Every structure is written in C-alpha cells, then in structure tokens.
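Worksheet: one structure, shown below.
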Amino acid sequence: MGPMDLHFDFRDIFRAPRLALSGKKIWIFMSGNLAGFVSYWVLTYLALALAGLPLGDMVEKYGLYPCLFGNSAPWFAWGIYFLGSAAWVVAILLSCTAVSRVTLKQLKGNDFFSGNDAWSYVHKHWHPVVFTSVTIALIIVFFLAFAALFGLICKIPYLGPFLYTLPYPLYIIGSIFTVYTGIVLVISLEYASAIVGTYEEDTMGTVFQSYAIAWSQPWRIIVYNIILLPLAYVAITLFSWFLHAGVGLMNLVFGFIMGESLNNIFSFSSSIVFPDTIVSCVTCCLSMVDLSYLLPNVSSMSASLSGVETLAGIILSLFLFMMALSVLSYGCSVIAVGRTLEFIIYKQKSDDDNLLERKDEDELEEEDDDFNFDDDEDDGDVDTDIVTDDSEE
C-alpha cells in the first residue's frame, strides 16, 4: 500500500479527527494517561500525607482526583506534588510521540505498525521528548541570569550608568531573543513529540527544529491551531455523545428489567468516578462549551446499598473511569495526529522535504538486513562453487 496523498496545506488538518479515531492510537493514550494518572494519584496523596493532613479525610474529600492546592503544605510536599504532575505530563508527551510514529507509518501506507512497536521506538528516543523543553528553559534561565549579573555590575558608582547605556542595543537584542525563546518553549511543548516521532531528531536537533518552525512558519502555526483546536472540540463532543447515548440506551434496557437496583448501582459508581467536588468544577467549565450534559446525575444516589450492589458499583466504576479516560485519550489523539500533520506540512513548505518519501530508521534497517542477507547468499554460492571445483579436480 502506497503513501497517503496529502495536499500539504491546511486541508490536511481536517483529516486529524478521522485518523485519530483508531483503537490503536486511543489505547496508546489510555495506557500513557493511566500510567501518568497513577503516578500523580500516588504522589499527590503522599504529598497530602507529608503535609500532615488526615489521609482518610482527604480520600473522602478528593476520591480519585486529589489536589494539593487549597491546602497548607511544606515545600517538600509541594515538590512531590509537582513531581507527580510532571510525571503525568511526561506520560502524555511520550504517548504523543508513540501516536505520532504510528501516524507517520499509517500515512506511509504501513498499517501493521503496532502499538508495541511505537512504544519500543519511544523507549529508544524518549530523551529529546523530555529534555528539549528543559534545554530551551535553561537557555531562558541563562539569559535572565546574565541580565541579572549585568544589573549588578551597573550598580557600580560612576561607571554603572555608562555600562547600562552604552551596550543598551545589546541588552535589547538579548531581551528580544529571550522573549522569542519563550515562544519557542511553548512551541517545543506542542511539537517536540511530532518532531521526534517523524524526523527522529535528538535533543539538539529538536531544539533547532523548534526554533526553525517558530521562525519560518509563525502564521501557519497560528492558523493551523485555530483550525485544529475547534476540530478537537467537535470530535470530542461527537465521541462523548455516542458514549453517552450508548450508556443511556443500555441503562434504559437494563433499568426496565432490573428496576431500582440498577439505579443504585449506577448512581454509586458514578459518585466514585464523578465526585461532587469534581462535578461542580467540571460542570462550570463544560457549561461554557455546552458539554455539561455528558456528566451523569449523581444527586439521586440511594442512601443504602446491599453488599452485592456495592461490589457491583465498584466494578462498574472501573469501566466508567476507563470510558472517561477514553474520551480524554481521543482528544489527545486528535491533537497528536494534528501536530504530526502540521510538522509534515512545515517540512514540505520550508525545506521541500516530503517526510512520507523519506526513509526512516526502520526502513533503513530493513534494507541493511536485506543487503546482508543477499551478501550471505552470494558468499554461500561462492563457497559451493569452490567445493564443486575441488571435487572435480
């Protein structure tokens, strides 16, 4: 199967929701989000415990979604909390890289590139995904520290005012570059995974590519984001609506047979996955974009449940949580696929480099293996001829 025909312009961005609607891509993000969420959950409750807060009260208050904000905690507790948050972000970025790799292979016509193959690729190339943004942030810190140092030098009596005014153009250039680097930092967070997943760059190469597309493609970045983000919203809305309709139909059929027992089980499981603190916060956000109907109504939860209903509700809550996670993962998949398409367009426009025709490392390794296999066959033929000649003599 040959590579997919792309227009290499804004029209390709509209392919993102359809390409992202893949069980393989959604499962990659579900795996990454689940690993990141578990890390965040454990470290956040550890931070709450180190803050001296009663763990039982915190579990009752936050449930599945703990948060340290709004609580008084020492610095090391905050450090552990932000470490958990960073772990979740890194898990999402690595998942973006895996999905970007799968998308590239799909665009090339290889539909047999598996999720395990994608994670193996990420295992070899995770360093630039993590350290590109760190490197750019260190560049900003360096310039700020340099500016602070010159600020101290400018406090020297008599000489200080001249040290401020004479090299003033250099200060302006450095300041503008620092602001530009801040923009590049944001761009690197958006595109580093796509760069690594498609172009196989190392850390310095990814930093260079981030600066390059920020300089050469600023308007495309803005326009494509204006297209992609509403597309992601529409895609999530439709995906969520189908899940919501499916759950509603299933509850309608089973509720007609099971009666109040189903209502008790579903309300209890919904209260675990969607606690009041989360519902009140999320409802406010979703109401702004007309998605509040997607949250279940947990106000009708029964006051008393049997032991069997409680156990069934806990099991059902796991499935409801995975459904909610699938919605988040599909949204992430749309963004990741869109970023991959955008970077492919950027390289075609700026460098006339069609990444769909460019041989990646997997294809080069296959060619080397085939070449070595042919050499082995030729050597075998030569050895056979020598043995034949010797026998004739």
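Cβ coordinates are placed from backbone N, Cα and C, and glycine is handled just like the others.
What TrEMBL annotates here:
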TRANSMEM  34-55  transmembrane segment
TRANSMEM  75-99  transmembrane segment
TRANSMEM  129-153  transmembrane segment
TRANSMEM  168-189  transmembrane segment
TRANSMEM  221-243  transmembrane segment
TRANSMEM  249-266  transmembrane segment
TRANSMEM  273-294  transmembrane segment
TRANSMEM  314-337  transmembrane segment
REGION    356-393  region 'Disordered'
COMPBIAS  362-393  compositional bias 'Acidic residues'
With CB pairs under 8 Å as the measure, which of the listed stretches 75-99, 129-153, 168-189, 221-243, 314-337 comes out on top against the transmembrane segment (34-55)? 75-99
Cβ pairs under 8 Å between the transmembrane segment (314-337) and the transmembrane segment (221-243), at least three: yes
